[in-house]
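Student: Take a look at the following structure, please.
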Ligand code: CP3
């Protein structure tokens, strides 16, 4: 009997109260996270320390009793495992060595060389699958190839993914080879997470919304479909959540086109629209605006309940539309959970 509510929703069950978790639930808004991060040194040292990474993954579960834990790691560990330099500038974000030509793509390590670097991440998953409460599902994750490629090409986050679009325009063959290399590495990485104990995997395509027309089909839909097909061949019972952030109208049919068991909605999507056009194909996740975790009050309660009710009667996982921010108040998280459970 399947008892974890997250797995039941992903299997298509409509529950009276949706399972709840939050993107970036282990993060700087929690004093206990800041303390463990200080002990680890920097963010990457925390990612590669299985004991401490497991500890920060468990912190929000202990504090809030979320229905799912998400592995503590980062989508940019894949580029690093493929040979890119990676570092984080405090207060600014990630920096990577850039890829500017076909030569740069050709110099990357082969996909099956990633495990050397990433084996501590699999150890974190093993620790978590032992230590999580019996009712808490464990989610593994990776970045989608397009989103990961935007960072590998630009060497940093960019407002409009300009450098990645320019590279795609200038040398489509080299760009496609980069997408393929990331896709292959992602299949191996997620398979290893599943073999270590991840019960669900999520693919984060944070910049999917900047792909238009056929580019969306070629670089958001096709790589996700390829990853999901390969995972389903090896691990048919492991559900996949896809997050094509800011896909807008392209959320319609995304689950069918990729084989995802659930589509995660960002907070620019209206819940009643998504219930009608996206949730008809299966489970959806989302989609409270993260800003409510900062501002709180009656608006937070009203919004959380409106979303819960809009998706009621079909499978739904309650979440934010994007990650919780460092300035959020943990008391607002508790209020959000209470609002969803009493909706
Ligand atoms: O959700 C979770 O709690 C699991 C862990 C997780 C992190 N990053 C930890 C993290 C996950 C799933 C991610 C995904 C991720 N990482 C994405 C996709 C989702 C999204 O937010 O759009 C992206 C684009 C990244 C890349 C990344 N990592 C950026 C741009 C930054 C800097 C911005 C920031 O918030 O500081 C990070 C750093 C990062 N990843 C932090 C955490 C907790 C903050 C690091 C710190 O402690 O200083």
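In case you wondered, yes, glycine gets a Cβ from its N, Cα and C as well.
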Student: Where TrEMBL shows 24, 25, 26, 27, 28, 74, 151, 206 binding substrate, which of 316, 322 is named for the same site?
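Tutor: Candidate listed by TrEMBL for the same site: 322.
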Student: Over all pairs within 24, 25, 26, 27, 28, 74, 151, 206, 322, the annotated substrate binders, what is the largest Cα to Cα distance, rounded to whole Å?
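Tutor: Max span of the substrate binding residues, Cα based, is 23 Å.
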Student: Please spell out the DSSP helix, strand and coil residue counts for the domain 'Uroporphyrinogen decarboxylase (URO-D)' (139-155).
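Tutor: Across the domain 'Uroporphyrinogen decarboxylase (URO-D)' (139-155), DSSP assigns the residues as follows: 10 helix, 5 strand, 2 coil.
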Student: How many Å lie between the Cα of residue 322 (substrate binding site) and the Cα of residue 74 (site 'Transition state stabilizer')?
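Tutor: Computed Cα spacing between residue 322 (substrate binding site) and residue 74 (site 'Transition state stabilizer') is 15 Å.
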Student: Three-state secondary structure of residue 24 (substrate binding site) from DSSP?
Tutor: coil
